[in-house]
Every structure is written in structure tokens, then in C-alpha cells.
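K.L.:
Here it is, the structure in full.
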Amino acid sequence: MFALRQAFQRMTVAPVRSLHSAPVESIRLNNLADNAGAHKRGKRLGRGIGSGKGKTCGRGHKGQKARSGRSGPALGFEGGQTPIYQRVPKRGFNNKWATPMHPLNVDRLQLFIDMGRIDPTQTITIKTLTDCGLLTTSRVKHGVKLLANGKEHLTTPINIEISQASEGAIAAIEKAGGSIKSVYYNRLGLRALLKPHKFEGKLLPQNARPPPKKMGYYTNYDKRGYLSAEIQVQEALKKMAA
């Protein structure tokens, strides 16, 4: 019994912690500050031996990691053997002569007609599409290609001049009672078409003929090329009728 009493006397009771946290000071303009540890001060190297980071600045003596510049091997270096990016054969290439066309679907064209932003009674050109906000001038670098997505929504007969068009888009426009013509524009021709104000006081450059590689496209009536014999005859008949 005496031993049990001594054991109880040696026991220390831990203080009871309050369930309530310390009162939080209200936020005011004079006590706005970052949290403690939010900003870590950088190490000031090379400021004397007494600073603890002088002389070798924490890099040790000699060795690859003590040198200035790159402190380790270059990314992809494999100790002298041929690295993996040289062992794997090359695949594909980027054609620097490519002229990618900006895509445009016929359903978007019909949407802007329904909104009243495009007049279907006038000939629709690339400038018409940029002026109404359907296309951005900066993104039309080589021309616009008309695609047939949403062709079931196209119901308005239109007369459009575009850089290129898919077979489905041509069929959809002609089914609605319209006409389409594929016209070639080089970079200067596009600039003169989209930004005529840049040529104020000067003669607008004439539209260049397609290069030999693209001549076959614009002389093909299936593509509704503007240099095809059928398109040339149609335009001549229109001029005679006028």
C-alpha cells in the first residue's frame, strides 16, 4: 500500500490543453505581412571566410561540381557512349515550303449569314470573312480552305471566292444554289486583299499566277479553279450578258 502511494506521488499529470485557439488579431493595413517563412533569403556567397560561405562558397575543393559554368554533365550525356537520341533513327520532317490553309466549315459560314454579319447577295471573299470577324487576319497566312463539316445546315445560296475547298464543300454550296471559285493568293496578294490601306498612294499589286506546283489545282474544274476553261467561259458569258 505504501509503495502504491509513492508511485502515485511520482506521477505527473499533463496540463489540460485548451480547446480554444489563441485569439486571432484582426487584419488591418498596418499589420499586413507575408506568413513566416514565405520568403527564403538567398545565400550570400564569397563574402569572406567568416560568413561560412566564402572561399570555395560551399562547393568544396576541385572536382567537377566545383567548377564554374555547368556543374554537371549536359542533359542526355551518357558517359561518352552514343546517346539514345542519336541511336534512334529519325522519323518525319518539317516541310519549310508548306503552305497550310486556315480551315473554315460551311456551318460557321451559314451561322454568320443568319446573324446578319455576312451579306449573301454579295460575292464573299476572304476579306469579307475577316471584316465580319469570322476569321482573324493574323491567322490567314497562306489562304483559307472551305470544309464540309455541318453541310446540312447550309441553306443559303452564296457566291464565294476562296483559296481552296473540299469536294464536300463544293457539292454543298452548289446544292444550295450557290457558286464557288478557288482563287490563288500569294503572301503579297493576301496582304493587298486584306489590308488595302497599307497601299495608300500606291498601286495595288496584281494577283500573282500560281507556281508550277499549284498550277494543276487551279486549272482543274473539279476543284473549281479560277484558271480552268469552264470557269473562264462562265466569267466571259457573265461579262457579255452585263
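Any Cβ shown, glycine's included, is placed from N, Cα and C.
Note that TrEMBL annotation is computational and uncurated.
Taken from TrEMBL, the feature compositional bias 'Basic residues' applies to 56-68. Taken from TrEMBL, the feature domain 'Large ribosomal subunit protein uL15/eL18' covers 103-180. Look at TrEMBL and you will find 38-81 tagged as region 'Disordered'.
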K.L.:
Could you give me three numbers for the compositional bias 'Basic residues' (56-68), the DSSP helix, strand and coil residue counts?
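P.N.:
So the compositional bias 'Basic residues' (56-68) is made up of 3 helix, 0 strand, 10 coil.
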K.L.:
Using DSSP, tally how many residues of the domain 'Large ribosomal subunit protein uL15/eL18' (103-180) sit in helix, strand and coil.
P.N.:
30 helix, 16 strand, 32 coil
